[in-house]
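Enquirer: Sharing the features that TrEMBL gives for it:
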- 20-47: transmembrane segment (TRANSMEM)
- 59-80: transmembrane segment (TRANSMEM)
- 131-257: domain 'Palmitoyltransferase DHHC' (DOMAIN)
- 178-205: transmembrane segment (TRANSMEM)
- 217-239: transmembrane segment (TRANSMEM)
Amino acid sequence: MQKSGKSVMAWNVFKFCTALRALGSIMIVLVLGIIGVTYYVVVVANYGPALVHGGLDSFIAFLVLVLFHSLLVMLLWSYFTTVLTDPGVPPNWRPSIDEESGDADPLVGLGYEGTDLGLNQPATFGEPANPQLRVCRKCNQFKPPRCHHCSVCGRCILKMDHHCVWVVNCVGALNYKYFLLFLFYTFLLTTLVTLSLLRLFIAFFTDGVINGTPGTLVATFVTFVLNLSFALSIMGFLVMHISLVLGNTTTIEAFEKKTNPKWRYDLGRRKNFEQVFGVDKRCWFIPAYSEEDLERMPVLRGFEYPTRPDLDELQQL
């Protein structure tokens, strides 16, 4: 019996998502392996021994090692915070109803069985009374604004940006800041390693003398190439995400949903930035939020997103 086109596509998506789940665990080992090799080359094989040489070489080695360890701590902190933080799942979320204004129940008009969604009355078929209400057909539950279903995780994610195999997790409302900091510190660290090993890389192709065993030379060469490649690729990725933050949009919204140039969530660059990093400047560069920001900014919890009043008025006309 020949499968239909939709069945084949669904099966292919299932196989792809299964492969991504398995690949994720390997990626964590790969990340730690690259960090381990880099640490050996920079600290153990090169700049660590240079501390005892004295003079300018020791001073430069001291600066490189301090910067390297500082950035490495921030990178690992941001990375594992992104891995271990739930991106945000809407558990039994229901849209609020304005009873005082006497508005019609926004749940009426959804093209789904009311009993399936836990409603007290059946829902009729047709256009929804509130076009902003959405229902996930896979999770069989309401989707808050800017929420999307991840086929890899098999669940809905608040303000989903994308599923990242490098962190074995979805990037969503609750860990997007941590992911950006992971990119930021990875870029800084890989750039530092590339610059610190540049003289050795140049000496490798010239008549310069390089101390160390053949294994150390190979590790130094590979480390330089890997860190240079990561620095260049992450730089482009980081620039893209900075532009997304300043426009208050996500990767999904930018490439699939954002068709109107007047984006209703764009509140200006300053407020857009604060919706991701918070208001407290002391926490901007660490993977954490202050208690004050979490209490006064519901947007950091992924459910409520302020919109532009001018565009809301136009939509109501």
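Yeah, the Cβs are placed from backbone N, Cα and C, and that goes for glycine too.
Curation does not apply to TrEMBL; its annotations are automatic.
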Enquirer: Report the mean pLDDT of the predicted model across the domain 'Palmitoyltransferase DHHC' (131-257), rounded to a whole number.
Expert: 89
Enquirer: By DSSP assignment, list the helix, strand and coil residue numbers for the domain 'Palmitoyltransferase DHHC' (131-257), in that order.
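Expert: Looking at the domain 'Palmitoyltransferase DHHC' (131-257) with DSSP, the answer is 69 helix, 18 strand, 40 coil.
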